[in-house]
There are 2 protein chains.
Amino acid sequence: MSKEDKDKIADEKLLDIANKWYQQMQNASIPYISLPTRTKHNIEYDEDSEVWKYGDKETLRVANSSKGAVHLLKMAYVVGFLKQQLKENRSSTLREMYYISEGWKKAKFSAQDESNHLVEDLEIITELSRESFHLRPEDDGATIYGPLKIREKTRRGDRDMHCQQDVGEGGYPIPNNVDNLEFIGHDAKFVIAMETGGMYARLMENGFDEDYDAVLVHLKGQPARSTRRVLKRLNQELNLPVVVFTDGDPWSYRIFASVAYGSIKAAHMSDTLATPGAQFIGVQPSDISNYNLPSDKLTEGDIAALKAELSDPRFDTEYWRSEINLQLKMGLKSEQQAFAARGLDFVTKEYLPARLSEMGIL
Amino acid sequence: MSKEDKDKIADEKLLDIANKWYQQMQNASIPYISLPTRTKHNIEYDEDSEVWKYGDKETLRVANSSKGAVHLLKMAYVVGFLKQQLKENRSSTLREMYYISEGWKKAKFSAQDESNHLVEDLEIITELSRESFHLRPEDDGATIYGPLKIREKTRRGDRDMHCQQDVGEGGYPIPNNVDNLEFIGHDAKFVIAMETGGMYARLMENGFDEDYDAVLVHLKGQPARSTRRVLKRLNQELNLPVVVFTDGDPWSYRIFASVAYGSIKAAHMSDTLATPGAQFIGVQPSDISNYNLPSDKLTEGDIAALKAELSDPRFDTEYWRSEINLQLKMGLKSEQQAFAARGLDFVTKEYLPARLSEMGIL
């Protein structure tokens, strides 16, 4: 779909909101919006799509109180601002929009949290992402390196970049709005997403991308939306398996889970952000003993997080139960860079090929 | 200088360390190393070069105790590891080297801090950066966008990239070892380094780089070494003025100070990392009142930091004293994105051109 068509749909969705209010008033109803209740208690793991979604509980925001009326007023201002922004082909950060509300009198936001929350409400109502309205996050996405050719539609025209031949060692940085990307060619067999920059650089230096036709993606810790969206699209559009390589501790398993099953915070975006087919490659608790990796003792926080994962539906599989119980028993955790203790080539020549074969990817 | 020549120098410097120990032993002395004392009390502001440097106090590490001997043993292992790494044209992260020390028996590091500190010692002794020994930091540098053409010598060959025509909206990501870069052409008049990604994207969207022949650099908060090194080289090699645009609070003034005068932590690298000619463009405390910017109250921590800056030699100028005192009097701080309250174009059409004229850059 062209950028113009996408903008047109976003514009129509915004107009729909205003139209509904207009109809409500014409029918002599007090204007309102209806949204799924956005608390932990209304988030469910959807077995069919294998991702987190909102449940059936609904919250109404009605202009029958001063609080409700001001809320709808704020939304009306945001709708107006975004509509104008689409018309002028501009974009802005969430932070800029917050400051712009300074000029909205009674509709001024009292804190950034409030405007962020309202934008998430808009995403739910319109079933579009904030990027569709040209709202940018503060943070960039991650970087990509590998046998993949990307066309990015920028404000200065199209840019075609091969993510090995046309980029430096920093790789190709994922822009905020991933929907401006097209994958125009590739020689890849799979995608490997890594938690740390050290491991990303290690695979690049060791030529793992060339030897195994792998697209390397640096997650930069808990991945940004744009990074998760790129992984989803690589999986869906190019049919590439996605594997996730993190440290071996409960916080890193959550990184994997947010890639594979979505996050509670963005449960309304799970369909576009989550890659249910993504597989965890390691560091597995069993690797710590099998490879005799340098390790640290689990902290009390780690133990509590592991126990919480045992009752998390995303980790409710035989594999995860057995690995997590093993880790609790050992009381140890290891980082992905700990493989360096066995030499700088061990991870790319031994560990990853063995795991990829086990997983049926090589 | 070619990469091969640089590696040769690094190799010789490492051999020098071992040679000194050998000579000490031949002269029947107990082996030792001598280093400037690396505490706050031995850091001085060097008026001539306008950067932070170590003072005259020296610390000796002598192998006349088990502690001293183990320290030199660790350094010997590191020297050997780095020499091998240069020979094989490999590189590693600080974290990987820490794990590699697992195999060094008595020379094994007990914590990452210890190995990092030893690498800084090596930098001081050899007067080379850790990157010269192919040691990588965990974190990437920042990104660049603007009328600048860069040649990066990568492991896969040279890559020539124009930082407007050959990159996407994410810009060109600065690699870890900036000494592999060459600036092969530019149409720039100055460099503007920004604290936040939001402002970097704003200037890019508004075409500020084209309208004013500006190279945009995103600092990503407190800038990484590689980012500071790039700013220094843009200033020194291309004679481009560097201006720094941050939020208007004491923590952001420190970002400016680390670009301009160096940091206490890396005082031994000030000559290569600091850009003494860098100028602060804003947000100035006087801008908050002059432009009636949305602001927040100073916290107690902010006030203490501002007061500390009043006794910091880096801020000992009439300009900074007057601005900091004004800010303490107003009790307010503003973010750079607060200019959005006056419209998305205000910062690029009004504020920055006015400041750049005042500063004699436009």
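Cβ atoms are placed via backbone N, Cα and C, with glycine included.
Residues or ranges marked as domain 'Spo11/DNA topoisomerase VI subunit A N-terminal' in TrEMBL: B:72-134. The feature active site, O-(5'-phospho-DNA)-tyrosine intermediate is assigned by TrEMBL to B:Tyr99. Residues or ranges marked as domain 'Type II DNA topoisomerase VI subunit A all-beta' by TrEMBL: B:138-187. The annotation domain 'Topoisomerase 6 subunit A/Spo11 TOPRIM' is assigned in TrEMBL to B:190-356. The Mg(2+) binding site annotation in TrEMBL covers B:Glu195, B:Asp247.
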* Could you pull the average pLDDT for the domain 'Type II DNA topoisomerase VI subunit A all-beta' (B:138-187)? => 92
* Go through the recorded positions B:Tyr99, B:Glu195, B:Asp247 one by one and keep only those whose Cβ is less than 8 Å from a Cβ of chain A; report them in sequence order, or 'none'. => B:Tyr99
* Structure fact -> Reading the DSSP string in three states, the entry for B:Tyr99 (active site, O-(5'-phospho-DNA)-tyrosine intermediate) is helix
* Structure fact -> Taking DSSP H, G, I as helix and E, B as strand, the domain 'Type II DNA topoisomerase VI subunit A all-beta' (B:138-187) contains 3 helix, 24 strand, 23 coil
* To do: Express the distance between the Cα positions of B:Glu195 (Mg(2+) binding site) and B:Tyr99 (active site, O-(5'-phospho-DNA)-tyrosine intermediate) as a whole number of Å.
  => 33
* Highest CB neighbour count within 10 A among the binding-site residues B:Glu195, B:Asp247? -> B:Glu195
* Asked: What three-state class does DSSP give B:Asp247 (Mg(2+) binding site)?
  -> coil
* Asked: Around B:Tyr99 (active site, O-(5'-phospho-DNA)-tyrosine intermediate), how many other CB atoms lie within 10 A of its CB?
  -> 25
* **DSSP state at B:Glu195 (Mg(2+) binding site), helix/strand/coil** => coil
